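Lifted from Swiss-Prot, the feature list:
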ACT_SITE  H349  active site, proton acceptor
BINDING   11-14, K25, Q78, 83-84, G144, E158, N173, N230, R319, K337, Y352, N363  UDP-N-acetyl-alpha-D-glucosamine binding site
BINDING   D108, N230  Mg(2+) binding site
BINDING   A366, N372, Y373, T409, R426  acetyl-CoA binding site
REGION    1-232  region 'Pyrophosphorylase'
REGION    233-253  region 'Linker'
REGION    254-448  region 'N-acetyltransferase'
Amino acid sequence: MSDRSLLVVVLAAGEGTRMASRLPKVLHKVAGRTMLHHVLAATRAAGATRTAVVVGPGREDVAAEVRKIVPDAEVFEQTERLGTAHAVLAARAALENGADDVLVLYADTPLVRPETLGLLRAPLKAGAAVAALGFEPADPTGYGRLVTAGDELVAIREEKDASAAEKAIRFCNAGLMALAGAHALSILERIGNANAKGEYYLTDAVEIARADGLSAVAARADADEVAGVNSRVQLAEAEAILQRRLRLAAMAGGATLVAPETVFLSADTVLGRDVIVEPHVVFGPGVSVGDDVVIHSFCHLEGARLESGVTIGPYARLRPGTQLDSGVRIGNFVETKAAHIESGAKVNHLSYVGDAHVGADANLGAGTITCNYDGFGKYRTEIGAGAFIGVNSALVAPVTVGKGAFVGTGAVITSDVPEDALAIARSRQVVKEGWAKAFRAARSKPKG
């Protein structure tokens, strides 16, 4: 529907008291992204031309998240919580600027797909003034009911105001609504609060539109997709649903997840073809994995880019700023951070590589540590192509080990090592023949 302008109004003013958290509800994360981020990303993918977000009083943290995701979004404050229609009207200035379609949704509904938003919006192009999204939950208790007559939506009745016959309806209100821009403001302004809670319900838009002789319809979505998150339990349930989606998409794209239920992905994780992910691997935000990569068990990746043919793990941790070029091997109990490791290099055991550049085909022996922090600042380590770092070596940054250089085992390197040189930085071994025998004899003499 690129020929029609779309104003999206996202309601993000809820207190979220059931979350029992100091963090605003909509800033809690699902698959590495805030719920608000998920919703805004879906609306962008659905063709939003303008975005308005309604936040609670003083919620600059929520406003900052909005602007980070959609820099040109308009942010409005709902000073009093008097119902959903009242919240939408907090964005009056955006509504007055006009749009062909207006889409209202909630920032605590992170699982809705762009395709479903398109389905909800479609009736407006066909002439409807209002379209509501419905679903059939396993238990409808607590939900508003969609009262229909044929293809028409007659009313949305909140459960507290529903008759016995209406409570028997299983088709429930998901909360998302689309309104024709030409009628949106007029309808919203006439919504009253004559109901059990004394609030201004957005759902009353249906009956007002029909009273004007306009059409209202209902679209249908899966229950999992429109699940709202109001508690930690529901947050975990949303995580499980989204993780399953992400795992299925990864496998459909050509990645092998040996035990999918033990692999946790972020919403932006990219896995190439013929990637093999063994059990118990966590992908934090910002991870891109090329083709033919093998990730062994118990690895944690975040903010890392892996080119084709890389092997990592088991028990590897890749932190933000890690770049592994093709064919790199990262072994067990290795941690990297802000490190670029070029093609064919190996860091196979028990090492920390931070704020570093490692050249192609270099080999870092077991226990190699880049000492990058002096308590005040971070410093870089440069390791040239083909360099060989002996086991249990400490490279005290800032320092450079040249191409093809060797560093002897157990070294503490504090000065640059030239290309093709050998650096030895440890005390010479001293052997005292018979010393141990004499020591034991002295210790075993009776005390007198």
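Just so you know, glycine gets a Cβ as well, placed from its N, Cα and C.
With a cut-off of 8 Å between Cβ atoms, the residues of this chain six or more beyond the region 'Linker' (233-253) that come close are 19, 28, 30-31, 35, 110-111, 224, 227, 260-261, 263-265, 267, 269, 271, 273. With a 10 A radius on its CB, G83 (UDP-N-acetyl-alpha-D-glucosamine binding site) counts 21 other CB atoms from all the protein chains. In terms of Cα distance, the binding-site residues that sit within 10 Å of K25 (UDP-N-acetyl-alpha-D-glucosamine binding site) are N230, chosen from N230, A366, N372, Y373, T409.
For the recorded positions L11, N173, R319, H349, Y373, a Cα to Cα distance of within 10 angstroms from D108 (Mg(2+) binding site) holds for L11. The helix, strand and coil residue counts that DSSP assigns across the region 'Linker' (233-253) are 20 helix, 0 strand, 1 coil. Non-local contacts of Y373 (acetyl-CoA binding site) by the CB criterion (under 8 A, 6+ apart in sequence, same chain) comprise Y379. Following the DSSP three-state reduction, the secondary structure of A366 (acetyl-CoA binding site) is coil. Nearest neighbour of L11 (UDP-N-acetyl-alpha-D-glucosamine binding site) by Cα distance, taken over the binding-site residues A366, N372, T409, R426: N372.
Listed in sequence order, V54, V55, G56, R59, E77, Q78, R81, A87, A90 are the same-chain residues six or more apart from A13 (UDP-N-acetyl-alpha-D-glucosamine binding site) with CB atoms under 8 A from its CB.
Mapped onto three states, the DSSP output places D108 (Mg(2+) binding site) in coil. When the binding-site residues L11, A366 are scored by other C-beta atoms within 10 Å, L11 scores highest. Summary: among the binding-site residues (R319, T409), the fewest other C-beta atoms within 10 A of the C-beta are counted at T409.
Under DSSP, N230 (Mg(2+) binding site) is assigned to coil, being neither helix nor strand in the three-state scheme.
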